Ligand code: SAH
């Protein structure tokens, strides 16, 4: 699966993809993540990618030309299943969207900055708009990294233990159960006996009960659906 991310601040995306699971996915050739600097597609002398908003008001608006040039250059090389704009007014990202997107081939992701991007970019090029939550960040880079992480870990072969993604919160209708590791007794705070019993069926029952109780307490809305 290939991701092309267009940003005015490519440096912000250097670290998130250079470690752990995301790095491994790239090393294994399962995911290719390419970051494009929007400024490379600016043709004016100052290499500026934004301008004042028509109609006045505060904040700069990212211009259509550099985006159009970059998107067109990428589309000339391959077909894209989705061109996604990260935006607080988009559909809120969730596990089911991540699952759906993890089955695709090529995804382009546009990162906004400042006040946002010229509406015509959204109208003409974007096929989907996603938010990572009801709060506003300075740019779309961190949301893009969140989106790519959520998707890549679901591609078969990325996680060593395939089942570990399946038991995660939101993968089914339940949140994840509590987890423990050694020591079994830390200053009198003990791990539940059942987890030390070696009895797989009992452990599975306990985990299911705990997951259910946690979901009822924290996210009863998940059980209503
Ligand atoms: N004026 C815009 C916010 C601009 S924030 C509004 O009120 O909707 C600048 C950029 O950061 C956005 O264009 C978007 O790409 C990104 N961004 C900010 N918050 C985000 C969020 N919650 N989810 C996804 N992208 C976000």
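Backbone N, Cα and C atoms are what each Cβ position is placed from, and that goes for glycine too.
Quick caveat, the model's predicted, so the values are computed rather than measured.
Taken straight from TrEMBL:
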- 112, 132, 133, 134, 135, 136, 137: S-adenosyl-L-methionine binding site (BINDING)
- 1-224: domain 'tRNA methyltransferase TRMD/TRM10-type' (DOMAIN)
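Positions of TrEMBL features highlighted on the structure.
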residue	record	DSSP class
112	S-adenosyl-L-methionine binding site	coil
132	S-adenosyl-L-methionine binding site	coil
137	S-adenosyl-L-methionine binding site	coil
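Confidence for the domain 'tRNA methyltransferase TRMD/TRM10-type' (1-224), expressed as mean pLDDT, is 96. The least crowded of the binding-site residues 132, 136, 137, judged by other CB atoms within 10 A of its own CB, is 136. The Cβ of residue 112 (S-adenosyl-L-methionine binding site) has 62, 85, 86, 87, 139, 140 as same-chain neighbours under 8 Å, each 6 or more residues away in sequence. Over all protein chains present, the Cβ of residue 135 (S-adenosyl-L-methionine binding site) has 7 other Cβ atoms lying within 10 Å. Taking the Cβ of residue 134 (S-adenosyl-L-methionine binding site) as centre and 10 Å as the limit, one finds 8 other Cβ atoms among all the protein chains shown. Residue 133 (S-adenosyl-L-methionine binding site) has a Cβ environment of 11 other Cβ atoms inside 10 Å.
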